[in-house]
């Protein structure tokens with residue numbers, strides 16, 4: 001490989017001195033990893049302009065929707081104003097449009113972690129992960145027919161209000177706490193990862209950029225509510241997509257075209273056919289992707305308040321289903337771009353791996369390093385990419401903050417207030433909770449920097465709450481024989497089992513007893529000094545690690561949600577049957593709206609169904625019956 005990968009994008013003036021000698025002829029004195037890294041930190045004023053402009057647009061959108069809603073509610077009666085203002089803030093008045101909601105769903109799911117991590121996955125482990133698009137399609141089918149009809153017909157604001165209607169108030173509080181803890185563990189990492197990339201391209205401390213960006217996100221989220229979150233997601237998604245396409249097109253051109261990218265990936269063993277090995281301890285296989293990944297996606301879409309909140313912001317079930325189709329298509333398009341960029345990064349570094357040479361000191365720095373080299377001679381383009389990373393992070397962060405605001409009001413305050421909350425109290429709770437959660441995220445992001453490998457443990461533990469939470473909704477919507485006591489014991493058991501499983505899995509990786517086979521890399525054509533002896537010694541040490549006897553916690557991480565959900569549902573079923581056999585719990589009438597349409601049709605006769613579990617007047621009952629009939633017919 002030629003040394004063009006290191007020289008590309010640098011102006012003629014950079015080589016007007018003795019450095020014009022090519023690396024292939026002789027190695028310039030002082031050309032080390034540190035000097036190369038410093039030379040690539042070029043974030044000039046056009047880059048700052050692009051980055052700041054993106055933040056200003058977010059602020060303007062938040063002020064616009066905040067002012068618009070304020071004028072809308074200004075002259076309404078006090079009671080109506082209090083109810084409609086909360087509705088507008090949390091679910092956009094249930095009058096949002098399909099396109100911005102679809103884009104916002106994609107933006108909420110794809111964070112800076114996804115943007116940097118997916119391409120790294122392809123570079124390090126190959127293209128087996130690409131088959132996950134089939135899992136997303138399967139998730140869309142399940143959401144379309146099982147979960148969306150239930151949530152949209154109930155017209156709830158908090159997804160966890162469902163758990164109270166189906167079981168009892170204990171389950172609502174349990175589900176809300178699980179989601180809140182998961183968000184608090186996840187949001188600091190969402191902030192930290194793009195801040196790390198920003199630090200790499202500018203040298204600016206993450207302690208400066210993280211609070212500034214996070215506070216801007218808190219501002220427009222607290223002022224504008226869901227409408228501001230959705231429309232900033234649209235703008236931010238446009239910036240992210242522009243950055244990705246620019247990287248893909250320019251990088252492919254520099255390498256020599258798409259054919260050259262494909263050829264190098266084939267030669268490096270990156271392009272792979274589906275692996276049909278049923279071994280559950282593999283990192284990825286077609287069975288793992290088709291069995292484990294759809295359950296993980298269903299949890300992320302059906303049980304996360306930030307996702308459900310967007311579906312409920314649409315006026316009809318048909319609109320929600322169209323938005324779901326838009327989300328699936330948009331997710332696939334964006335991730336195909338991620339896959340192609342991962343192949344492109346390998347095609348660029350296939351003869352000089354920057355991870356081995358430590359030019360990129362962490363895997364997540366591969367893509368920022370590639371962008372800095374690709375756009376070194378194009379002022380503003382690095383700024384577009386960094387703005388894209390932060391846009392992806394801000395969209396996920398703002399969605400989580402708005403969701404936590406809804407949970408705080410609907411699940412932590414309203415059920416426990418003896419008197420209806422006043423207009424001022426509702427405003428303080430909704431906007432104050434955004435501020436508190438945002439400040440906590442900033443503080444925890446500072447801790448993440450010092451925790452090192454614990455950051456990965458935190459990500460694992462945050463996902464551990466997903467399996468029991470998804471199990472609660474599966475028991476409620478698909479298993480009418482499970483009662484509140486069974487659901488509680490099932491959820492607690494699932495949580496404890498998954499915490500132990502995730503801890504053991506993470507410990508086995510940290511201790512070296514669990515490792516994954518990475519694709520081969522080469523450093524035979526590196527045009528700079530990287531300390532070959534020390535690096536090669538590390539490689540030899542890694543090669544000597546022996547794989548110990550496999551245990552259940554060595555299963556693929558994609559199976560964890562499926563395993564935890566199965567434990568939760570099995571425990572819930574057993575406890576429910578025992579309580580009924582012992583006579584300590586009687587069959588409670590179940591509102592058909594709380595069950596999936598397919599379960600309503602095959603509901604056993606010995607388990608009563610009635611609309612009386614949720615008190616309604618005659619008109620509401622007639623409307624519910626008519627809506628139920630339309631849903632079943634559809």
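Placed from the backbone N, Cα and C atoms, the Cβ positions cover glycine too.
Given the structure is predicted, the values throughout are model-derived calculations rather than measurements.
Annotated features, as they stand in TrEMBL:
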type	residues	note
COMPBIAS	14-27	compositional bias 'Acidic residues'
REGION	1-32	region 'Disordered'
TRANSMEM	48-67	transmembrane segment
TRANSMEM	98-117	transmembrane segment
TRANSMEM	129-152	transmembrane segment
TRANSMEM	173-195	transmembrane segment
TRANSMEM	201-221	transmembrane segment
TRANSMEM	284-302	transmembrane segment
TRANSMEM	323-349	transmembrane segment
TRANSMEM	384-407	transmembrane segment
TRANSMEM	428-448	transmembrane segment
TRANSMEM	454-479	transmembrane segment
TRANSMEM	486-506	transmembrane segment
TRANSMEM	557-578	transmembrane segment
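Note: the stretches the transmembrane segment (48-67) and the transmembrane segment (201-221) are in contact (3+ CB pairs below 8 A, sequence gap of 6 or more). At the 8 Å Cβ threshold, with sequence separation of at least 6, the transmembrane segment (428-448) lacks contact with the transmembrane segment (486-506), having fewer than 3 such pairs. In this chain, the transmembrane segment (486-506) does not touch the transmembrane segment (284-302); fewer than three CB pairs sit within less than 8 A of each other, excluding pairs fewer than 6 residues apart.
Looking at 129-152, 384-407, 557-578, the range that has the most CB pairs within less than 8 A of the transmembrane segment (323-349) turns out to be 129-152. The list of residues near the transmembrane segment (173-195) in space but at least 6 beyond its ends in sequence, with Cβ under 8 angstroms from a Cβ of it, reads 111-113, 116, 158-160, 163, 206, 209-210, 213-214, 303-305, 364, 386, 389-390, 392-393, 396-397, 400-401, 403-404, 407, 411-412, 437, 440-442, 444-445, 447-449, 455, 458-459, 461-463, 465-466, 468-469, 472, 488, 491-492, 495. When each of 98-117, 129-152, 384-407, 486-506, 557-578 is scored by its Cβ pairs under 8 Å to the transmembrane segment (201-221), the top-ranked stretch turns out to be 384-407. The listed stretches are 129-152, 384-407, 486-506, 557-578; of these, 384-407 has the most Cβ pairs under 8 Å to the transmembrane segment (98-117).
The list of residues near the transmembrane segment (384-407) in space but at least 6 beyond its ends in sequence, with Cβ under 8 angstroms from a Cβ of it, reads 43, 47, 50-51, 53-54, 58, 89-91, 104, 107-112, 114-116, 157-158, 160, 176, 179-180, 183, 186-187, 190-191, 193-194, 197-198, 201, 213-214, 216-218, 220-222, 225-226, 228-229, 232-233, 235-237, 239-244, 246-247, 304-306, 309, 368, 371, 375, 429-431, 433-434, 437-438, 441.
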